[in-house]
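Visitor: Before I ask anything, let me first share the structure, which is written out below as structure tokens.
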Amino acid sequence: MTLRVAIVGAGGRMGRQLIQAVSETEGVVLGAAFERQGSSLLGADAGELANVGHLGVQITDDLASQQDQFDLLIDFTRPEGTLAHLAFCVAQHKNMVIGTTGFDDDGKAKIQQAADSIGIVFASNFSVGVNLVFKLLEKAAKVMGDYCDIEIIEAHHRHKVDAPSGTALSMGEHIAKTLGRDLKTHGVFTRDGITGERKRDEIGFATIRASDVVGEHSVWFADIGERVEIAHKATSRMTFAKGAVRAAKWLAQKEKGLFDMTDVLDLNQL
């Protein structure tokens, strides 16, 4: 059975990559494509916009008008928009793949609640490599975490609006959970002025925003005399797009529940 996917933010950098990934994936077709009200891209053919050829899918700003054209929605936009799309999907009983980052606790709670009704894959990063890194971080933290300083450094393009990145925060959460720590208590997100000595149980974050960096993350487990670094560099957004479409195909078999890429990739077996 062919899965019909809708993409919101279809005209953005990630949206165009998602359209391309859908067009390259067997068993998946683009059913609908959406942009914000007032966008100059409304009415354009989504395939032509993404340089994959004419698809006959016009970009619109009205989810309700296209509700019969898609089975699942992929959303890599902003929290306020994603939550509005989430409410629509719950009402229409359509599953969602959510790659949006920057949610506050209330937003995350709404996603959790929605998963009682529909299937949701919610992840800070859809790269297969990054999700493998999450498992490596857990193993490193188990062996070294209580005896070394842990620092997370991330870099992204100048247009990214949230910091630290959702991926960096997820890395911190995986480490903190392994060590029995609360990231809200032990995470250090700014250092300025006379900060005093570093506490051993801190998990530090550093953020870089520059140019067109797609996404780079490095985690240090630093002890006196040695340092282990676990790093990931993305050179194309296509890695995230392909992962999201892979998640969509996997989620098509689920009625409801909240999942992440660990579930999609079956990484709990490692």
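Glycine too: its Cβ is placed from the backbone N, Cα and C atoms.
Note that the coordinates shown come from a computational prediction; the quantities given were computed from them, not determined experimentally.
According to Swiss-Prot, the protein has these features:
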{"type": "ACT_SITE", "residues": "His156", "note": "active site, proton donor/acceptor"}
{"type": "ACT_SITE", "residues": "Lys160", "note": "active site, proton donor"}
{"type": "BINDING", "residues": "Gly9, Ala10, Gly11, Gly12, Arg13, Met14, Glu35, Gly99, Thr100, Thr101, Ala123, Ser124, Asn125, Phe126", "note": "NAD(+) binding site"}
{"type": "BINDING", "residues": "Arg36", "note": "NADP(+) binding site"}
{"type": "BINDING", "residues": "His157, Gly166, Thr167", "note": "(S)-2,3,4,5-tetrahydrodipicolinate binding site"}
Visitor: Counting Cβ neighbours within 10 Å across all chains shown, tell me which of the recorded positions His157, Lys160 comes out on top.
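Guide: Of the recorded positions His157, Lys160, the most buried by Cβ count within 10 Å is Lys160.
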Visitor: Pop the Cα-Cα gap between Lys160 (active site, proton donor) and Arg13 (NAD(+) binding site) into the table, whole Å please.
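Guide: Pair distance, Cα basis, whole Å: 12 Å.
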Visitor: Through the lens of DSSP with three states only, how would you label Lys160 (active site, proton donor)?
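Guide: In three-state terms, Lys160 (active site, proton donor) counts as coil.
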Visitor: How many Å lie between the Cα of Gly9 (NAD(+) binding site) and the Cα of Gly166 ((S)-2,3,4,5-tetrahydrodipicolinate binding site)?
Guide: 19
Visitor: When you measure from the Cβ of Gly166 ((S)-2,3,4,5-tetrahydrodipicolinate binding site), how many other Cβ atoms are you left with inside 10 Å?
Guide: 18
Visitor: Under a criterion of Cβ-Cβ distance under 8 Å and sequence separation of at least 6, what residues of the same chain contact Thr100 (NAD(+) binding site)?
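Guide: When sequence neighbours closer than 6 are ignored, Thr100 (NAD(+) binding site) has Asp75, Phe76, Thr77, Arg78, Pro79, Gly81, Thr82 within Cβ distance under 8 Å.
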